[in-house]
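Annotated in TrEMBL:
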| type | residues | note |
| --- | --- | --- |
| DOMAIN | A:1-62 | domain 'tRNA intron endonuclease N-terminal' |
| REGION | A:96-117 | region 'Disordered' |
| COMPBIAS | A:99-108 | compositional bias 'Basic and acidic residues' |
| DOMAIN | A:194-250 | domain 'tRNA intron endonuclease N-terminal' |
| DOMAIN | A:266-348 | domain 'tRNA intron endonuclease catalytic' |
| ACT_SITE | A:296 | active site |
| ACT_SITE | A:307 | active site |
| ACT_SITE | A:338 | active site |
């Protein structure tokens, strides 16, 4: 069988169409022949199904492809890994199976190097298990190296395949939204006596329900040996309660203190905190998990506190995600049976992004 | 009983010495009276053992102390938490129990506000369980708020008490050294054929022992369906092997590529990698754990790979640790039963620091 490199594709004739395309879902049919993307041809060489492409063996063709297509090595590793997992797949590329609907831009613009098309949001389409190329898509896979920083937009509704420096692949499912289902209800008191002390607030003789039902603060009086009835509040809790009139503190003064100790990050965190409270979700500190908040959808009482469902990290809307930080956050959340949610706190609205580990 | 604020201490007369000092280990004896640090007096007020200090109740005295001593609120919370755990403790302060040997500088210089003395490496001394003040010290506790960044020197051989924004306390044991016990032995081949491809290296037809015993790289041929005999190497692995003559690549060219894709961080990581290999430790990527490396003290063969004992994060010698990142790293390491080691990679030498969660 003859396979020839032609620009950024490989054309194979003879029984290639039947053997590679029809039987095993490689490439696109071109009349009696088959057209293969470089990654597909490399995989056929790697498996020994092709002996050479334009005289190049696997090593030569692989080196040539790395030199020709940005990110080829990582894309090849993910392609091979997914094939090995028993899926049919196709490069997300105009004319290849599955790409007509969404995989490529309508105008078909192409960078010409076979890497991700401009406007295309994936590198590889993985079809549902048992489905042939062109069938329902299970994963729209975006391939990145562990050193590539990712913009928020890169993470919306895709499966991220991160190739680490030792060529192992980790998969993450990224979905817009936080999945919150807030069902916590409570009434707040009015104008409680409180002191702004350094980087926290102490509220004196609060009604027990403020802690026990609404789950604000941490009681000083909860300690065994205390003779004092007081509730310690974090600055975000206090700023929220002050704005709602529940504690007798100037909300602006609390926010100002927050900015002093934390910078503008405080405003972002407060914005997310308030929105979650408005939605019936209870955010508490996520410090022990290295996050901004852990959250509870439904608190009936602190005495019967459920497991917190999510960890929330607050970032700027134009935050660049580093795959290593992503691995750390998502792994930790998974280890404590919580979902990892990134809150992209903007000036007017907050967006949420849920990221989970995935085994395709 | 009368207790009076006098500068930055509280003096109590009457039966205070017997009741507070002799029986319960508060303060320092001054003839028939007792001298209390603010944190001690506040704790006695908080428990109801003292009614007032110079006319101030707990609330007034606490607010006054927060205004007078930097970091007082956090220090008080840790003091109260440790007392509740049943320990005797003392402020690390000249003249207080336990501080003569190491707690205070010989010249007794004091910032005058009762906070940590210059040259003193702790805030609170915790005596071994069952031991009275002045007995053997179990923990030299340094108190920090979760927003305070820490220099490397702050973390050497102390117990760190981090007070989070909601006033919960987390403890970390910090110890110099990585605790490595490298016992891996192998021979390396000479001048193997390899290609530098993008941000990784592929070594062709390597001797099996390079992977199976020395645990370098990731075999392409390890995959079920491959027809290719090759070992993928990360750039640090390849730079190390090139410098040792095991692969036929210019070591400088590999390092240059590493710097291109990773910046000067590459040099720091390579320095730690090489040192660990020299010590018989096997470092592999820690990407899945969000770290630079996971390490194995003793690899006999990859077929019988032990559990990796440590996660290593490589930082600059003047790295500022943020308590939230510390919590994240240490929590994750604990969750996968590994120790968290920070490698402070300097120009000439690398220092190591082990941090673990601790329940006093």
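The first residue you see is number 1, and the count goes up from there.
Yeah, the Cβs are placed from backbone N, Cα and C, and that goes for glycine too.
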Surrounding CB atoms that lie within 10 Å of the CB of residue A:338 (active site), all protein chains:
20
Among all the protein chains here, how many other CB atoms are within 10 A of the CB of residue A:307 (active site)?
9
How many helix, strand and coil residues does the domain 'tRNA intron endonuclease N-terminal' (A:194-250) contain under DSSP?
14 helix, 16 strand, 27 coil
Give the distance between the Cα atoms of residue A:338 (active site) and residue A:307 (active site), rounded to the nearest whole Å.
9
Do you know the mean pLDDT across the domain 'tRNA intron endonuclease N-terminal' (A:194-250)?
91
Residue distribution over DSSP helix, strand and coil in the domain 'tRNA intron endonuclease N-terminal' (A:1-62):
21 helix, 18 strand, 23 coil
Just to be sure I understand the packing, how many Cβ atoms besides its own are within 10 Å of the Cβ of residue A:296 (active site)?
23
Secondary structure tally of the domain 'tRNA intron endonuclease catalytic' (A:266-348) (DSSP, helix then strand then coil):
32 helix, 23 strand, 28 coil
Rounded Cα-Cα span from residue A:296 (active site) to residue A:307 (active site), Å:
7
